[in-house]
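Participant: Here it is, the structure, as structure tokens.
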Amino acid sequence: MQDAENVAVPEAAEERAEPARQQPASESPPTDEAAGSGGSEVGQTEDAEEDAEAGPEPEVRAKPAAQSEEETATSPAASPTPQSAERSPSQEPSAPGKAEAVGEQARGHPSAGAEEEGGSDGSAAEAEPRALENGEADEPSFSDPEDFVDDVSEEELLGDVLKDRPQEADGIDSVIVVDNVPQVGPDRLEKLKNVIHKIFSKFGKIINDYYPEEDGKTKGYIFLEYASPAHAVDAVKNADGYKLDKQHTFRVNLFTDFDKYMTISDEWDIPEKQPFKDLGNLRYWLEEAECRDQYSVIFESGDRTSIFWNDVKDPVSIEERARWTETYVRWSPKGTYLATFHQRGIALWGGDKFKQIQRFSHQGVQLIDFSPCERYLVTFSPLMDTQDDPQAIIIWDILTGHKKRGFHCESSAHWPIFKWSHDGKFFARMTLDTLSIYETPSMGLLDKKSLKISGIKDFSWSPGGNIIAFWVPEDKDIPARVTLMQLPTRQEIRVRNLFNVVDCKLHWQKNGDYLCVKVDRTPKGTQGVVTNFEIFRMREKQVPVDVVEMKETIIAFAWEPNGSKFAVLHGEAPRISVSFYHVKSNGKIELIKMFDKQQANTIFWSPQGQFVVLAGLRSMNGALAFVDTSDCTVMNIAEHYMASDVEWDPTGRYVVTSVSWWSHKVDNAYWLWTFQGRLLQKNNKDRFCQLLWRPRPPTLLSQDQIKQIKKDLKKYSKIFEQKDRLSQSKASKELVERRRTMMEDFRQYRKMAQELYMKQKNERLELRGGVDTDELDSNVDDWEEETIEFFVTEEVIPLGSQE
């Protein structure tokens, strides 16, 4: 064997064999290790490529080594067959004996190779000198030994190639049947054909059509044949349910579906009962006795993630894991799930032990979004997708884990690409001159068509109803406009025309009671930009609009979540001011208060309203102002140097400021404050990255019940005050608890001692001759009388002199 492998082949033989080989001549044979277990996977890939190039005859085999040189020279043995595909592609045979030896090593049959070398044609060592003398070399043989059994199927070996193999088709795969087509006569048939062709040619080239007729009219159904079965499938997917007019809605099916539906068994098979997977109480944290909230913390530059209970003194750790996520985490809108990011997809966790609830495979996922109802999850990956299988954006069903639909993503899009309605029944996306609105659970277009809106720039859903707002810029003499549309009827309930518009921003109040359109304008005859706040009162008839104009630069705008006030930061540093406005019931917008010389660039309202934090983040060194808007007083002014984030807890009782390692590499920590601006905690975490409060679902109490609780608040306040006194300090709380435990232990011991004392009473009576010494007056002789005298001094003081 070794001699056969070391024999060199003349250059002339290599040059003649070169056209027949597909491997480059510069490649060297692999070692035994590479030809053995390590070369199988590579060999499969390379041979699959060679099979694709070899043509439609994958069963052609190499001629046996026993053939003559003439037969070998004329045989098509250049390309390896699928049966010998396990041979490493880097092997370049230099002689028949060597080719057989290396080939047998790659297949893992060394004994068979030895038999081939010692066959009837002589050994490889004898064959090669004869070839050298004649100046020629035999072509290599790739044939298998007689006792070789190939137990690898073509599907396992060349599955990626065979899936693209042409398949036989009888032509009906490209035919669709369209029902509910208008029945027309010959005079209108041509017009109907034009309409049908216009609708269905969007999905592919139509090569044939057939309109059955009866009594001089069409029968109401037609047959269309596409150039490709894929086009037919696309037509069924998108045109089924297409509404032609009020009386005709198309029903589209593949022609091959008739066989499928006609062969359905009449016997009903009872489906197997799926075992119920108990996930536990996914909202357990809402039953916490002290009504504490939870929050997640990522630190050590993302290597560790922890979940804490929020406690006034010190946070209480619930769960901590290493490498729980690869980037960041996100809570679902109602706090049921915690989403973690991984290279291969998204995982959802929940329950008291934070077990994995669901996972979604999406390679390279970077962004996600939940529907407000927590029924659907949207994932985005920047990896390239194909026209036939869009994978950039995928919508998943959270309960089942199934993929609902995939979408393409334009490079210029901004996240979130899909925006959800308040109840999760609709979601929409904006493309060039188009607003596409989809409905759940079908994930199809509403009414099977998109809205054509020329020049649409932005849109936003109302948080309190299925109303969508969008704006369109000016086009020559046509003014810009803001439109409010009711869905699913698509009725325009309000249109507002605007002039000299530069830009618009849409701001909804949390309950959907108001919409503010921030309009940047350049009025004629003036220099600079003027900002108008167009306030739409959504709960009133015909949606009246009020306007507030400001000529200063606008830094930030924010609505009070549960109220009718809004705040505006305006001006330029160092003269930045904040103004608070109130929208009255009569429509008048009143300026409540304006604070000058503020170091702030962001507004953070409490989730319950009334209280607001004005923060100067990042470049403004973390200046903080805590304001009570009920009387517009500044409760406290503080600073968290280089603060990058501010997060209110869901109840509005606490607020967290933090310095993230993602934005600033030193002094990474998060501080806990009360809503009044009193600092409670300073929590320093190594390379702290992110803190997120766990959201709470909407309350189940009615407005009347909430009013009653507020009315009886004094009754509950005594209990709360007592708890507050006990928890004023950690030391006092521990001391009281220790004393309470000692007192309870003493009471139990005293009770046990009294019971034992009473059990021993009869024994005491016997020992004392029947005298009950338990009573003090049981023996009068034992009494001793003692008299105690107290000396009293009497002093008389006259009240006045006697005359």
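Glycine too: its Cβ is placed from the backbone N, Cα and C atoms.
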Participant: Out of SER120, SER727, which one does Swiss-Prot list as phosphoserine?
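Facilitator: Checked Swiss-Prot: the phosphoserine annotation sits on SER120.
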Participant: Given the candidates SER123, SER306, SER421, specify the residue that Swiss-Prot annotates with phosphoserine.
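Facilitator: Cross-referencing SER123, SER306, SER421 with Swiss-Prot, phosphoserine lands on SER123.
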Participant: Just to confirm what the record says: which one of SER68, SER301, SER702, SER778 has phosphoserine annotated in Swiss-Prot?
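Facilitator: Candidates were SER68, SER301, SER702, SER778; Swiss-Prot attaches phosphoserine to SER68.
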Participant: Scan THR72, THR526, THR699, THR773 for the residue that Swiss-Prot records as phosphothreonine.
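Facilitator: With Swiss-Prot as the source, phosphothreonine is noted for THR72.
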Participant: Per DSSP, what is the helix/strand/coil residue tally across the repeat 'WD 3' (410-448)?
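Facilitator: The repeat 'WD 3' (410-448) comes out at 3 helix, 16 strand, 20 coil.
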Participant: May I ask for the residues of the chain that lie six or more residues beyond the repeat 'WD 3' (410-448) and have a Cβ under 8 Å from a Cβ within it?
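Facilitator: Sequence-distant neighbours of the repeat 'WD 3' (410-448): 238, 241-243, 367, 369, 371-373, 375-376, 378, 380, 393, 395, 397, 404, 454-456, 458-466, 468, 470, 487-488, 490, 512.
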Participant: Take the C-alpha atoms of SER143 (phosphoserine) and LYS277 (N6-acetyllysine) and report the distance between them in angstrom, rounded.
Facilitator: 55
Participant: Sort out for me which one of SER143, LYS277 has the most neighbouring CB atoms within 10 A, since those are the modified residues we care about.
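Facilitator: The residue with the most neighbouring Cβ atoms within 10 Å is SER143.
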Participant: Over the repeat 'WD 3' (410-448), what is the model's average pLDDT?
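Facilitator: That region's mean pLDDT is 92.
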